[in-house]
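Q: When I checked Swiss-Prot for this same protein, it listed these features:
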- 1-21: region 'Disordered' (REGION)
- Ser14: phosphoserine (MOD_RES)
- Lys18: N6-acetyllysine (MOD_RES)
- 23-63: domain 'CHCH' (DOMAIN)
- Cys23, Cys24: Cu cation binding site (BINDING)
- 26-36: motif 'Cx9C motif 1' (MOTIF)
- Cys26-Cys55: disulfide bond (DISULFID)
- Lys30: N6-acetyllysine (MOD_RES)
- Cys36-Cys45: disulfide bond (DISULFID)
- 45-55: motif 'Cx9C motif 2' (MOTIF)
Amino acid sequence: MPGLAAASPAPSDSQEKKPLKPCCACPETKKARDACIIEKGEEHCGHLIEAHKECMRALGFKI
């Protein structure tokens, strides 16, 4: 039984991390960026846009 319990969580953890899509990455920075763009316009949200790009890069996305 210990082998079964140890084997089950490992594959699901690695499977969940590998197929991370850009749309699902960095939800906090994405939400703040989008809200700012809608309310103030893109030209006033450069700092939030950059923060989201940095978060995406940290997760391995090439932006």
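Sequential numbering from 1, following the chain as shown.
Keep in mind that glycine also has a Cβ here, set from the backbone N, Cα and C atoms.
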Q: I'd like the number of other C-beta atoms within 10 A of the C-beta of Cys36 (disulfide bond), please.
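A: That number is 17.
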Q: Per DSSP, what is the residue count of the domain 'CHCH' (23-63) in each of helix, strand and coil?
A: 30 helix, 0 strand, 11 coil
Q: Given the recorded positions Cys23, Cys26, Cys55, which one's Cβ is surrounded by the fewest other Cβ atoms within 10 Å?
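A: Among the recorded positions Cys23, Cys26, Cys55, the lowest count of other Cβ atoms within 10 Å belongs to Cys23.
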Q: If you count CB neighbours within 10 Å, which one among the recorded positions Cys24, Cys45 has the smallest count?
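A: Comparing Cβ neighbour counts within 10 Å for the recorded positions Cys24, Cys45 gives Cys24.
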Q: Let's check the environment of Lys30 (N6-acetyllysine): how many other CB atoms sit within 10 Å of its CB?
A: 18
